[in-house]
Amino acid sequence: MTMNRLLLLILPAIIMLAAMFATSGMEQRLAAFGTSPQAKLMLGRAGLALPYIAAVAIGIIGLFAANGSANIKAAGLSVLAGSGVVITIATLREVIRLNSIASSVPAEQSVLAYADPVTMIGASIAFISGMFALRVAIKGNAAFATTAPKRIGGKRAVHGEADWMKIQEAAKLFPERGGIIIGERYRVDRDSVAAMPFRADDRQSWGAGGKSPLLCFDGSFGSSHGIVFAGSGGFKTTSVTIPTALKWGGGLVVLDPSSEVAPMVCEHRRQAGRKVIVLDPTAGGVGFNALDWIGRHGNTKEEDIVAVATWIMTDNPRTASARDDFFRASAMQLLTALIADVCLSGHTETEDQTLRRVRANLSEPEPKLRARLTKIYEGSESDFVKENVSVFVNMTPETFSGVYANAVKETHWLSYPNYAGLVSGDSFSTDDLADGGTDIFIALDLKVLEAHPGLARVVIGSLLNAIYNRNGNVKGRTLFLLDEVARLGYLRILETARDAGRKYGIMLTMIFQSLGQMREAYGGRDATSKWFESASWISFAAINDPDTADYISKRCGDTTVEVDQTNRSTGMKGSSRSRSKQLSRRPLILPHEVLHMRSDEQIVFTSGNPPLRCGRAIWFRRDDMKACVGENRFHRTGTGTDTHTEHAPPWQKEGTRP
């Protein structure tokens, strides 16, 4: 317990009692100020209630003085205790007085008829003060009236009557039985610590966070997809990825750029009977064949081969120059031809039909590759292969060099043995994910995603298509939880899954840092409208971008507020003042208020419902999650080098596992 909290817990009650005892017996002194018998009687009677009223007044003043403090609940408990003692003393004094006159009271009358009204008034005021102190002790700073303007509803709401979704309605929309965790069922802006910034290492700033029921999405409405926007350091992993990975019961694919989620949740999911696979380039021996799903479940191999080529080359949503577009398109056609040669020509063994083999064929010297293409054209058993190769047979050397350079550049990451092993291995099959009992964590750090986004695109695209090609013949739904998804660049299969994934058992939860990231990856301002139209829920938290804050403010809508206006005029003959009330338009939340929101607070939008303002389910605040989470590699406990200890949460400083 801190010293400030201890003082607020003790001092108000002591000062209240000191004031009560110091003003006891003041009735004689006050009566002396009277100039008539009636005045003396009135002042004397007021002096009897003065000790109780003085104690109560000091307690109330203390509560208002502590308004905004993190320890105001302690002050509320102290004033509550002081009010209780004041009521007890007033009652005891009156009981003693009535007991002394009980023998003189006629038998047909009750001794309570002679109770002192002034003392009863003083005790009643102390009781009211105690109830307010109890409210402060329970709600903290939220017990005091807000300074927001008065909102008008009904017929007078000429400018709109937008309002936040009620918590009871949110509980029905997002029941706890759902597997995707949205947040916590409480209003952060009405919590006792609303005026304080959230700090992970300061438990006093948590407020009701971690103790409130969860809001979870069960995929029962809309497309079942969700989008999360949270700024850098905005607790994206701790409030979305880890809690959902702990609670989701179906197939799970997680893009984990920090490589911290898998070690923290793998054991919990294995205990639940799940098969957990971690695709980590630093740990060899784990990989799958990214081409093993091609042509299965009634789909044509040619279409699937083209899809793989687009993931490696990446589509560009923005308009490029004609020259660049020609070389990129030709390089994609060359890559398509080489993949088709491996898969369709019939001269490559099934177990050797991998992207590693495609890269080996492509990385040959340019003259040798041209000779190979001519040989493929003359001897391939597939018409599709011949049609794609024919363009390059008689292409001029200069043009072919540009095409060749583009293709080699885009497949450069396949020359790394550890990266190629991830998409050319045999430790598991894409069918394992579609069968519903497998979870896959893609542990590619930001450096790898930045330098080789094609690797992540191929992995995620293969897993998505393996489910999509089954036409809904899968066990349960598979959740793709993609953190830092903007690093992947433009991925068309994600748009396909966005528009039709619900029917095929695919659910997407994508995490961006801002609207700008989405627009950069998916082609300008039109990207937001396409994605928002297809999302069941959209969450905004820890926003630092003014454009994003302005969008949130506009989407929340406008309210009608009543404004008091005072006009003063001064002239030669004097001055006058007039007061009036008028109705004005005000956004439900202003852009600067969005920027000032606590980082553990979020705004969630759903189609056809008011905006929801609620808390975030940060895992280290919840005892039920801490009990089943493994060690965080960025906050190691025990001995060793830990550069985060100084700012680590309390349980990490104590050396205990969360």
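Every residue number used here counts from 1 along the chain in the order it is shown.
Cβ from N, Cα, C; glycine included.
Of the given residue ranges 72-92, 450-470, Swiss-Prot assigns the label transmembrane segment to 72-92.
In the compositional bias 'Polar residues' (562-573), helix, strand and coil residues by DSSP number 0 helix, 10 strand, 2 coil. The transmembrane segment (72-92) is not in contact with the transmembrane segment (275-295), judged by fewer than 3 CB-CB distances under 8 Å for residue pairs 6 or more apart in sequence.
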